[in-house]
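Peer 1: This is the structure I have questions about; it appears just below.
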Amino acid sequence: MAPGWAGVGAAVRARLALALALASVLSGPPAVACPTKCTCSAASVDCHGLGLRAVPRGIPRNAERLDLDRNNITRITKMDFAGLKNLRVLHLEDNQVSVIERGAFQDLKQLERLRLNKNKLQVLPELLFQSTPKLTRLDLSENQIQGIPRKAFRGITDVKNLQLDNNHISCIEDGAFRALRDLEILTLNNNNISRILVTSFNHMPKIRTLRLHSNHLYCDCHLAWLSDWLRQRRTVGQFTLCMAPVHLRGFNVADVQKKEYVCPAPHSEPPSCNANSISCPSPCTCSNNIVDCRGKGLMEIPANLPEGIVEIRLEQNSIKAIPAGAFTQYKKLKRIDISKNQISDIAPDAFQGLKSLTSLVLYGNKITEIVKGLFDGLVSLQLLLLNANKINCLRVNTFQDLQNLNLLSLYDNKLQTISKGLFAPLQSIQTLHLAQNPFVCDCHLKWLADYLQDNPIETSGARCSSPRRLANKRISQIKSKKFRCSGSEDYRSRFSSECFMDLVCPEKCRCEGTIVDCSNQKLVRIPSHLPEYVTDLRLNDNEVSVLEATGIFKKLPNLRKINLSNNKIKEVREGAFDGAASVQELMLTGNQLETVHGRVFRGLSGLKTLMLRSNLIGCVSNDTFAGLSSVRLLSLYDNRITTITPGAFTTLVSLSTINLLSNPFNCNCHLAWLGKWLRKRRIVSGNPRCQKPFFLKEIPIQDVAIQDFTCDGNEESSCQLSPRCPEQCTCMETVVRCSNKGLRALPRGMPKDVTELYLEGNHLTAVPRELSALRHLTLIDLSNNSISMLTNYTFSNMSHLSTLILSYNRLRCIPVHAFNGLRSLRVLTLHGNDISSVPEGSFNDLTSLSHLALGTNPLHCDCSLRWLSEWVKAGYKEPGIARCSSPEPMADRLLLTTPTHRFQCKGPVDINIVAKCNACLSSPCKNNGTCTQDPVELYRCACPYSYKGKDCTVPINTCIQNPCQHGGTCHLSDSHKDGFSCSCPLGFEGQRCEINPDDCEDNDCENNATCVDGINNYVCICPPNYTGELCDEVIDHCVPELNLCQHEAKCIPLDKGFSCECVPGYSGKLCETDNDDCVAHKCRHGAQCVDTINGYTCTCPQGFSGPFCEHPPPMVLLQTSPCDQYECQNGAQCIVVQQEPTCRCPPGFAGPRCEKLITVNFVGKDSYVELASAKVRPQANISLQVATDKDNGILLYKGDNDPLALELYQGHVRLVYDSLSSPPTTVYSVETVNDGQFHSVELVTLNQTLNLVVDKGTPKSLGKLQKQPAVGINSPLYLGGIPTSTGLSALRQGTDRPLGGFHGCIHEVRINNELQDFKALPPQSLGVSPGCKSCTVCKHGLCRSVEKDSVVCECRPGWTGPLCDQEARDPCLGHRCHHGKCVATGTSYMCKCAEGYGGDLCDNKNDSANACSAFKCHHGQCHISDQGEPYCLCQPGFSGEHCQQENPCLGQVVREVIRRQKGYASCATASKVPIMECRGGCGPQCCQPTRSKRRKYVFQCTDGSSFVEEVERHLECGCLACS
């Protein structure tokens, strides 16, 4: 559904619900209330996708369907569904539910369908569904359930569909399914089940679907029954495979012979399990009824703990709240430690029922208040530590049940006072800590000093913080008479026993007694924190313009008088005075109010005086003062009232005085009633007078005769409603449509109560500011405009907005506060803009958002956009359409599915991206122009003198800018279009002297020398062996002055240069390298090798002798060090460890002497390793470990009659087996391996099956093959790539076959568990190096090996140089194409001529250019051939020289791949499908298919799955009536 229609649908549903509610009022009892934010229709309650954290209250008792899916509910309590006796369908899927209290469903007697999938349930409580006998469908899939207790499903005997797949189930207790006799569908796939008891499925006679695949079944003698059971029911339990023992791994359970199901012991008992024993939370440890979760990084209290625990330790975590009933079910708890967390919220019943609890430790948290009743019932508690929190008050009955408490610590909190009697219940208290609290030692704390003097139990030294006279003095040592109250202190702390400490006087205000005076302080809003004791609030003479509905008066029960005179109030929001029932006097004199109505004064039920003097009120209507029945004095003096409608004062039943003076009354027929009313009531102050018509001017209204109140030519009334729909728009109820009207601003006359506004397809360049006044809007469509920028708080007043459509505009930047205030927004569409980045925090206020459209935006996915990736993944609010555009490694990746760690910042961000939020950063203003941001034009330039234009690039005097290049002279000229002409120096030409003619076109360079163009000349670059200005002289490199051979080497002249014949001991092209003969020396006993020319000598340690120091001195041990006789290979270093020699291997080598090379790194483009062939037995496997960050490549390849390939494809491992006698078979791994870490890959061949196992996960099988795949003697194995000469000739190629080699590391290759040694690399294995490190020398290109230890770089387009670090020069710069376009061809260019021109430089005009003017093409277009002749290119369905003949209706067969989208996976047919297209003429009829048939095709998907679908194919075409 499109976002725009979603809003319409919501409006229709809302109106339908309203109509149903009205019908209910007229025809029966009053409608039942609906929970806040939910939608109720008939017996259905829809609360899905609202971000709810708990089940809402107030669900109608008659509800039959309840949708609570896609919220954030974490716990289901006993009271959540109490009383819902008619409920039949309950949806709770896709929440965060981890705990369901026993008895949560006890009232749901009629429940038939319950969905709890996609939650976080770990344990299923027994007897949970005992009270839901009519349940027929139960979905518990995609949770974290670990075990199924015996009584889990007791009571639901009618259930037909039970889904338990995709959990962590490893234990199913005996009898768990015994009562489910009507069960038809049971899903247990994708769990951890290893054993199933023989009685599990015996009581399911109606079972027709059973899924057991993707488990860990152990096929021993105890599972033999399942094989028989499945063989008798071939349609159920398909693909159920054995995972152990090893010799049965991958076999179908039903296909294994009974004799193979054996146990080690002949009479072993079937293993049993206990579902409750596995309920210890995964990060914790459980032993001796103690649960230890210390320092595990927990964010919440673990659920489903072992029921018999006596102690739980949760300190040093990140827990923020203790939910309701968190520990209630653990009745044996004695000790709870939750110290050093982040707890700020504790439910009142968190510790309810813990009568055995003796120790409760809560120190080091962020607790600000102890809720009422938190410690009630903890009669055994002896230790309570509340220190190091932020507790600011304690109710007098907080500790009422703690008679046995010995130690109480309130040290280091925010307590200012303590209520008298707080410690009275603590009969056993021995130690009390109160220090480090900011105590206010006034009259209310006098009792504490007396208490501590009588009971010296406070040992921490509690002191006063204020007042100053008592600051820093010990409370227990201060005399009672010094504790006294003064000023407003008594009001502030009077109710401290109820945890109420009144607020201090607001900033900028003055408080005296109960008067709060905030007048004349330039305030723009009412202070948000006012003391509760205030009775007189003075806010006059400020700058308040709008009275917001903040609920401030609900907190002021003592308020009697409000003075808001002399402000700038233009609007009073509905509900602004809610809770102000005690207010008796309201002054609004001297403001700018134009209209008022009864809803404005809602809440002022006790108001007696209302002053509205000196405002701009023009009309008093029937509802202006509705609800003000207590008002006695009303002043409307000095307004602009011209009309008062009859009955305007009827609701003012207590009115005794009204002032209507100084108003311009229009005494026409609309005011005739007022004169009679004034004469009758006699409560008016003064005599209000007429101002219109002229003949009644200044006459008192009550004196005007009734016949003089006429409307002849004077029907004006200020109370008449203005038109409710703008001219350019159409309106229906509260929906206004102004689409495609060419609007550049919001039209005037927009109804204030509009709920849906459609402004798409106009020319708006910014979001109209006037929209902020339309507070009832629920949908705004601003798509297909020209809006280029949003501002902060653009939509902050639109609290009801649920749909905002900004697609297909020119948005480049999203300010961080642009969407602030949109807490009701559910759909936000930003599709099709130019947004590259979204600042973190932009969506903080979008708490109700369920759909975000960000597609077709050039997102720059670096580390600054990582938060958005995490946010999108957490809530699945973006449907997987938004793609990254940059940086290059992230291009075309999906925002939803790309791993978060790939969002990285590397190097500076392109200035064009940064400048989207500040266009001035790209320095668009030239010639020292000053740049300023502009919300419409993006930027504006203030140009210096002599320049003009948008970017200050146009000179007022064209020659000031020196447009002539290369020293040309500028001349002002009116005859040229640019206003100037250039006189060029010798060697340059062109309008601006920008062209350097190519002097090499006619050069005299000889011997294939390269000509380099200069300025009016050229230079010849000679090849080797030639010199001279024209390279016409041969060089003799062996003459003494040119001989480059070093170290007495012999120079030998060659045809193309020379070579050096080195003397022994030297090497290199010029014999420049002195060979180090010590590289392979044989010096022993630690002797030092000294290199000499063509040899070396050994410098022996003292006492040793011989050429190689091989003779030890007499009378000494031959071995002075264990390493002396221990030779490490491959350059390894020998070290002594515990008196034993040990080799420290270089990267990639292993073995006792580092003799084996087990890790190699593939860095070249065509790198590979060839392994010697070995016959693989019928039971064999190949395993290896890989590490890479690339998406594609060849891991392993076997080429013979049965080609086999193990490939890296889009980050997954793909196994392809291509027997030439059958279609190729492919299987994909679920796991991705391109994260740079090592992953294990195993290929198992067993009994004509081929299985792929990645990271020891679930095997992926190719199924039963026609014959056993094997690696023959003559079929080599290639790792990391294949020889370029071999290609993939033996393996049939598909469109997605990765032809490139593998880039990364391969480690520990084993064939039949035999570790392979890479040490003797074949000579063709180029670009393969020991160890694991990547080739990084090529800056902008790929490595390609040329020698064993050498690589060359293949550069990406636009880069050149040996290391691809030089930006390539565009060969088209300075091109000489006259009438054509320059096209680069490598380092040169060619000219693509315009029509009518030819030649190498497009400088020859063809005479046939206008030949098409006389050559008519009836159904096609005329073109000129290469020979200059005209010809017709016909439209489809026509032929002939002039396209005059209509082709008959025929079918043309094309072959192409058919594609389908399946979720987030893209699927395509395995081969191209022949498709017939009908083309040709049929006169008045149409060329259409006349016969077709359907055929099944196999579709393969990118996620590794496949499916079969029927596709319709056309067979014949003919002429039929057009449909």
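Yeah, the Cβs are placed from backbone N, Cα and C, and that goes for glycine too.
What Swiss-Prot shows for this protein is this:
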type     : residues        : note
SIGNAL   : 1-33            : signal peptide
REPEAT   : 86-107          : repeat 'LRR 2'
DOMAIN   : 215-265         : domain 'LRRCT 1'
DISULFID : Cys284-Cys293   : disulfide bond
REPEAT   : 308-329         : repeat 'LRR 7'
REPEAT   : 404-425         : repeat 'LRR 11'
DISULFID : Cys669-Cys711   : disulfide bond
DOMAIN   : 857-907         : domain 'LRRCT 4'
DISULFID : Cys920-Cys931   : disulfide bond
DISULFID : Cys925-Cys941   : disulfide bond
DOMAIN   : 996-1032        : domain 'EGF-like 3'
DISULFID : Cys1000-Cys1011 : disulfide bond
DISULFID : Cys1045-Cys1060 : disulfide bond
DISULFID : Cys1062-Cys1071 : disulfide bond
DISULFID : Cys1145-Cys1154 : disulfide bond
DISULFID : Cys1355-Cys1364 : disulfide bond
DISULFID : Cys1393-Cys1402 : disulfide bond
DISULFID : Cys1467-Cys1501 : disulfide bond
DISULFID : Cys1482-Cys1519 : disulfide bond
Peer 1: List only the single closest residue to Cys941 (disulfide bond), chosen from the disulfide-bonded residues Cys711, Cys1393, Cys1519 by CA-CA distance.
Peer 2: Cys1393
Peer 1: Going by Cα-Cα distance, pick out whichever of the disulfide-bonded residues Cys1045, Cys1145, Cys1393, Cys1402 is nearest to Cys1482 (disulfide bond).
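Peer 2: Result: the closest of the disulfide-bonded residues to Cys1482 (disulfide bond) is Cys1393.
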Peer 1: Restricting the comparison to the disulfide-bonded residues Cys284, Cys293, Cys1145, Cys1467, which residue's C-alpha is spatially nearest the C-alpha of Cys925 (disulfide bond)?
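Peer 2: Of all the candidates listed, Cys1467 is nearest in space.
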Peer 1: Please count the residues of the repeat 'LRR 11' (404-425) that DSSP assigns to helix (H, G, I), strand (E, B) and coil.
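Peer 2: Across the repeat 'LRR 11' (404-425), DSSP assigns the residues as follows: 0 helix, 3 strand, 19 coil.
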Peer 1: Which sequence-distant residues neighbour the repeat 'LRR 7' (308-329)? Criterion: at least 6 residues beyond either end, Cβ under 8 Å.
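Peer 2: Hits for the repeat 'LRR 7' (308-329): 74-75, 77, 101-102, 286, 289-301, 335-354, 356, 361, 364.
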Peer 1: If you count Cβ atoms within 10 Å of the Cβ of Cys669 (disulfide bond), leaving out that atom itself, what do you get?
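Peer 2: Other Cβ atoms found within 10 Å: 13.
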Peer 1: Is the repeat 'LRR 11' (404-425) packed against any residues at least 6 beyond its ends, judged by a Cβ distance under 8 Å, and which are they?
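Peer 2: Residues 363, 368, 379-396, 398, 431-440, 442, 444-445, 447-448, 451, 460, 465, 493, 496-497, 501.
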Peer 1: Check the Cα-Cα distances from Cys1355 (disulfide bond) to the disulfide-bonded residues Cys669, Cys1000, Cys1011, Cys1393, Cys1467 and tell me which is shortest.
Peer 2: Cys1011
Peer 1: Nearest by CA distance to Cys1062 (disulfide bond): which of the disulfide-bonded residues is it, out of Cys1154, Cys1402, Cys1519?
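Peer 2: For Cys1062 (disulfide bond), the closest Cα among Cys1154, Cys1402, Cys1519 is found at Cys1154.
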Peer 1: If you compare CA-to-CA distances from Cys931 (disulfide bond) to each of the disulfide-bonded residues Cys669, Cys1364, Cys1393, Cys1501, which comes out shortest?
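Peer 2: The smallest Cα gap between Cys931 (disulfide bond) and any of the disulfide-bonded residues is with Cys1364.
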Peer 1: What subset of the disulfide-bonded residues Cys1045, Cys1060, Cys1154, Cys1467 lies within 10 angstroms of Cys1071 (disulfide bond), using C-alpha positions?
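Peer 2: For Cys1071 (disulfide bond), the disulfide-bonded residues whose Cα atoms are within 10 Å come to Cys1045, Cys1060.
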Peer 1: Given the disulfide-bonded residues Cys669, Cys711, Cys1501, which one's Cα is the least distant from that of Cys1364 (disulfide bond)?
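Peer 2: The smallest Cα gap between Cys1364 (disulfide bond) and any of the disulfide-bonded residues is with Cys1501.
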Peer 1: Tell me, how many other CB atoms lie within 10 A of the CB of Cys1482 (disulfide bond), whichever protein chain they belong to?
Peer 2: 19
Peer 1: How do the residues of the repeat 'LRR 2' (86-107) split into helix, strand and coil according to DSSP?
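Peer 2: Here the numbers are 0 helix, 5 strand, 17 coil.
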Peer 1: Taking the domain 'LRRCT 4' (857-907) alone, what is its mean pLDDT?
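Peer 2: The answer is 87, the mean pLDDT of the model over that range.
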Peer 1: Does anything in the same chain, at least 6 positions from Cys1467 (disulfide bond), have a Cβ under 8 Å from its Cβ, and if so what?
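Peer 2: The answer is Arg1459, Arg1460, Gln1461, Phe1499, Gln1500, Cys1501, Thr1502, Ser1506, Phe1507.
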Peer 1: By DSSP assignment, list the helix, strand and coil residue numbers for the repeat 'LRR 7' (308-329), in that order.
Peer 2: 0 helix, 5 strand, 17 coil
Peer 1: With a Cβ cut-off under 8 Å, give me the same-chain residues at least six positions beyond the ends of the repeat 'LRR 2' (86-107) that come close to it.
Peer 2: 43, 48, 61-78, 80, 113-122, 125, 127-132, 139, 300, 303-304, 325, 329
Peer 1: When you rank Cys711, Cys1011, Cys1060, Cys1145, Cys1154 by Cα distance to Cys1393 (disulfide bond), which of the disulfide-bonded residues ends up on top as the closest?
Peer 2: Cys1011
Peer 1: Mind tallying the domain 'LRRCT 1' (215-265) by DSSP state, helix then strand then coil?
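Peer 2: In the domain 'LRRCT 1' (215-265), the DSSP-based counts are 20 helix, 4 strand, 27 coil.
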Peer 1: Fill in the CA-CA distance, Cys1045 (disulfide bond) to Cys711 (disulfide bond), as an integer in Å.
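Peer 2: That comes out at 121 Å between the alpha carbons.
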